[in-house]
Amino acid sequence: MERLLAQLCGSSAAWPLPLWEGETTGHCFTQLVLSVLPHALLAVLSACYLGTPRLHPTYLARVFQAHWQEGARLWRALYGAFGRCYLALGLLKLVGTMLGFSGPLLLSLLVGFLEEGQEPLSQGLLYALGLAGGAVLGAVLQNQYGYEVYKVTLQARGAVLNILYRKALQLGPSRPPTGEALNLLGTDSERLLNFAGSFHEAWGLPLQLAITLYLLYQQVGVAFVGGLILALLLVPVNKVIATRIMASNQEMLQHKDARVKLVTELLSGIRVIKFCGWEQALGARVEACRARELGRLRVIKYLDAACVYLWAALPVVISIVIFITYVLMGHQLTATKVFTALALVRMLILPLNNFPWVINGLLEAKVSLDRIQLFLDLPNHNPQAYYSPDPPTEPSTVLELHGALFSWDPVGTSQETFISHLEVKKGMLVGIVGKVGCGKSSLLAAIAGELHRLRGHVAVRGLSKGFGLATQEPWIQFATIRDNILFGKTFDAQLYKEVLEACALNDDLGILPAGDQTEVGEKGVTLSGGQRARIALARAVYQEKELYLLDDPLAAVDADVANHLLHRCILGVLSHTTRLLCTHRTEYLERADAVLLMEAGRLIRAGPPSEILPLVQAVPKAWAENGQESDSATAQSVQNPEKTKEGLEEEQSTSGRLLQEESKKEGAVALHVYQAYWKAVGQGLALAILFSLLLMQATRNAADWWLSHWISQLKAENSSHEAQASTSLASMGLFSPQLLLFSPGNFYTPVFPLPKAAPNGSSDIRFYLTVYATIAGVNSLCTLLRAVLFAAGTLQAAATLHRHLLHRVLMAPVTFFNATPTGRILNRFSSDVACADDSLPFILNILLANVAGLLGLLAVLGSGLPWLLLLLPPLSIIYYHVQRHYRASSRELRRLGSLTLSPLYSHLADTLAGLSVLRATGATYRFEEENLRLLELNQRCQFATSATMQWLDIRLQLMGAAVVSAIAGIALVQHQQGLANPGLVGLSLSYALSLTGLLSGLVSSFTQTEAMLVSVERLEEYSCDLPQEPQGQPLQLGTGWLTQGGVEFQDVVLAYRPGLPNALDGVTFCVQPGEKLGIVGRTGSGKSSLLLVLFRLLEPSSGRVLLDGVDTSQLELAQLRSQLAIIPQEPFLFSGTVRENLDPRGLHKDRALWQALEQCHLSEVVWMVSWVRGAGAYLLGRGSCCVWPGLSSQMPRSCVSMRPQQAWTRRQTSYSSRPSANALPTRQC
C-alpha cells in the first residue's frame, strides 16, 4: 500500500523521492491519506493515475517546455501541453448532462406503470433498473469527470508555477516588486486555473437550458417566448455587470499588489521601524492600500449580489410572464399547465444560477492570464546579448569595457553609468572610489550584468565560470552558516578551514551555540552587520572564481578585522585572482594595482594609487585613529543587533535550529474560529443576514403553499370531471413535459395524474396570479436583501480580519521576526487574506442556502407526508459518518497545503532578493531544482485533497441512488401485492431525489467551508496568539517630555530567558545631558543589550532605566521611542517619495528636511535623481540613506551605533548651490 500511494503521489524508481520530508511526518501523511481512501478506491485512482502523464513537476516542466518559447502566449502553450486531454473530457460532461434528464423521465414512467397496473412486471423492473442504473452511471461519470478535470488542473498548475519561477530567475534589471511576484504565484495562478472548471460548464449549462426550453415549448407553445425574451433582455444587463466586475477586478489586484509589496518592505525593515516608532505611521499606509483594495472588492461583491439576484429571481418572473402571456393568447389555464410549466421553469434554476459564476470565473481567469502574461513578457537577463561573444583581445586581460553606457532602466531615464574605456589585467587588484551616489556599485552591477547595456562593448574572459560577488547588502539565506558558505558546493575541509581563517570567522563560530551548524535568521537577522558581510565574503571566496566583484565588504567591520580581511583574504587567499574592490577606506587601497575614480556615473580618472588617492580628501586622523573600536570582532549593528551567546541560545536550541516548523492546528476547526468570523462580520449584521435568509426561504415555501391551495380549489371545482379526465403517464412520450411533474421544486404537486380542469373565470385566474405574483415579489425583495446584507457582512469581516492581523504583527517583538521567515508571514497577508476576501464568502453563501433549503424541505415533509421522515434517521447516521470521516482528512490536507505553500513563497522571495548572487555564482539551476522539490510537496497535498473530494462525492451520489432504488424496489413489491399507491411512490421518489441531493450539497459545502475557515484559523492564530511587546501605561508628560536627554541605568539585569546567564548583570551608569558616550567591548559583552533595554525591545529582569528621571518601563512604547533617535547601520528605504522616507509621520517641514539632506551631502543628488532602486538604494549610497531619519528627527537624545565611516563619505564635498528649501521634490524611491 505504501508503494501504491507513492505511485499515486508521483514517486517512482525514476524519481526516488520520499513521500514526505522526515520519517515521522511521512508516516503521518501516509496514514492520513490511507485513512481517507479505502484500498479499492485507492487502487482505482492509482490505476487511472499511472495511465496518464505524471503530476511530478519535473515531468510537467519537460512537457510544457516542449510547447513554450520566449515571447509565446501562455494559453497557447498550456493548450499544446494539456488542452487535447482536457477537451476530450467534454465527452464525459456531455453524457453526464444527458443522463441528468433520465431521473425525472424514468421516474414518471415508473409511476405510470404502477398506476396502470396492466403492463408486465418485467416492464416495471426495467424502469426501476433504468432509474437505479442511470443514477449510478451518472454518479460514476460525474465523479470521473471531476477527478480527471482536477488532474489536468494540477498539471497546468505545476507548469504555470514552474514557468513563473523560471522567469523570476531570468528577469533583467526591470523587475516587479516581490509582493507582486508573490501575488502571481499565489492568487493569479489559482484564478487562472479556475478556467478548467468553468470552460466545460460554459457550454454544458446552455445545453441544459436549451433542452429544458424545448420541453417547455412542447407544453405551453409559443407562450414561453415571453419568458425567454425576458431572460434574453437580462443578458446585456449581465454583460454590463460582468464588464464592471472585470474592470474592478483588475484594479483590485493592482491595489493588492501594492499592499503586499508594502507589507514585504515593512517586514524587511521591521527592526528600524520599531526603533524609530514608525509602526503606526507605516501601518496606516498599509491600511490605506487595503482600503483602496476593499473599495474595489466592495464594487465586485455588490455587483455579484446584483447578478445573483437577477438570475435567482428570474425563474419566478418567467413563470408569471408565461402564465400571463398564455392567458392573453386566449388559452385557459389549468392546473396541469400551471404545474408542468412551473416544474420546467424550476429546472432552469441550476443553469441560470450557475451561469453567472461560470462567466465570472472565466473573466477572472482572463484577468489573471493577462497579468501573468505581462510578467512573462518582461525582458530577460541575456548574457549572450549583454556580453561580447569574443573574449578580450589580449590574453592577459580579464575584463574590458569600451564606450559602455549602462542604466537601471531600458530607456535610460535614471542616472547612467558611462565607461569610456576600462581594461583590467589578470591578477590585478583594482580599487573603486568616489563620493556617495557616484556610481561605484552601479559599475560592479554593470560588470555582473545586472544593468541595461544601452551601448558599448563588455568583454569578460572565462564568463562561463561566473563571478565571485559580495554585494553591498549581504544576502544571507535562512540556513546554517556552513550551508551559506558552501552554497551548494561540495564540502572541502581544507578549503573551508582556509576560508574561515581568511574571513575572520573562527572567533565568531566559537561563541555561537552550534558553531557553523547554527541556523541564522532570514537575511541573517540574528547576526551583526559585520558577521553577515564576512559570511557573504566567505561564500564568494569558497566558490573559487577567477574574477571577484567586492562591493564595500570592509564597511561593516572595525580596523583590526578590516586589516585581517585585507591581508588574509583580499591580498592573501584571493591574491591569484582578479579583484575589483569598491570601498570608502582609501587607506586600504595603497597596495592596489590601480584605482578608479567615479563621479556622477562617469569614470573620470584611472591610475595607480599614488596618483588617484591624493585626489580623495582623507578623513581626519583623529577619526581614523580614535573612532575605531579595538575589538577584533565585528562592529555592532543597531538595525540587526548582534546576538550575545545568551541571546542566540534564547532563539536556538543546542542543535543550532532557529527555524521552527510552522505550527498546525489539529482536529476540527475550533468553535472560537467560527466565533471570530461571526464577530468580524458584526453581531447585528450577522443576525440580519440569517433573518433575511429565513425570510427568503419562508416566502419561497409560501409560494408553494399557495399553488397547493390553488390546486385544491381546482380539484373541488372539477371533482365531477376527474373520472373522465384521468390519463396514463406511462403512455406518454419519453420526452413529454408531463413526466416532469415530480420535479424536486414542487412540494405539493398532486401525485395522481392531473385532470383537465374546467375553464376558470378570468377573475379567479387574476386573483390566483395576483396573490402568487405578490408572494413572488416579496420573495424577490427578500432575496435581494439577503444578497446585499451578505455582501456587506463578508466585506466587513474581510476588513476586520486584515486589520487585526496587521496590528498584531506590527506589535510583535523582534524575536518573532528573527525566527519566522518572511514568506510564512506573507502567506497570511496574501493567500489567507485572499481566501477570507473571496473564496470563503462564496462557499459560505452556498452553505447557508443549502441549510435554509433543507430546513424548508423538512418543514414541508413533516407537515405534508410525515411517514417520509422515518427515512431520515438512518440516512442521517450514514451521512454523519461519511462527512465526519471526510472532514477530518479534508481539514488536515487543507492545513498541509497551506504549510507546503509557505516555503514556495519564501523561496521565491529569497530568490528575488539574491538573484544577482545566484546568477554570478551559477546557482540558478540548483535553486530551480529546489523549487521543483517544494512544488512537488505542495502538489501532493493538492492531489490528495482532490482524491478525498472525489471519495466523498462518489459515496454521496451512490447513497442517493441507493435510496431511490430501494424506494422503487419496495414499490414494485407492493405493486405485486396490490398495496402500492402510485402517487405516494412518485412523491416519495421525487422527495428522495431532492433530499439526497440537498444533503450532498450540504455536506460538500460544509466541508469546503470548514476547509476555507482554516485560513481564518491561521489569521486568528496570528491575530490572537502572537507574543506582543509590553506597551506600558501612558503618562501625562506631554509630547516634549524628554527635554534634557539624561540617561541613567540603575542596577539593570537582563536575561534573555529564565535559566540562562545574565546578558547584563547589575549595570549601573549615568550619562549627563549633552554628554557623548562611547560603548566598546568584545562580541557578546552586552553592547547591544544596552540599546535593546533602552528602546525596550527587551525588558530587564530587574533594575530601572531613567530618561530625565522618568522610568521607561512606565511609558508607552510609542511615547518612549518617539523621543529617541537612532542611526541604523543598514539602510532601510520603502517605496514612496524621498519625503516619505525622510519623515514617515509627516512631522517636519520641507526646510528641516532639506537641512538634513544637505548635512548628508545629498541635496543635489536628491534633486537630480528621479528614482531609487527600492531598498537597495544604489543611487543614493548606503551610508547616507541610513542617516536621514536620525538627522531629520531632531530629538534631544540620539542613539547611534554604527561605524562613522559608514555614514559619511571619505570625500567631503561642499555644494555651491542647492534647490529651494520650500520645494522638496517628491522623487520616488
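Glycine is treated like the rest: Cβ placed from N, Cα and C.
TrEMBL annotations: computationally assigned, not manually curated.
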From the ranges 335-355, 839-859, grab the one TrEMBL calls transmembrane segment.
839-859
TrEMBL annotation (transmembrane segment) - matching range among 279-303, 479-503, 554-578, 979-1003:
979-1003
What mean pLDDT does the predicted model reach across the domain 'ABC transporter' (399-625)?
84
Considering only Cβ pairs under 8 Å, which range in 769-793, 839-859, 956-973 makes the most contacts with the transmembrane segment (126-145)?
956-973
Cβ under 8 Å, sequence separation of at least 6 from the ends of the transmembrane segment (769-793): give me the contacting residues as numbers and ranges.
298, 301-302, 304-306, 308-309, 312-313, 316-317, 319-320, 323-324, 681-682, 685-686, 688-689, 692-693, 695-696, 699-700, 702-703, 706-707, 710, 841, 845, 848
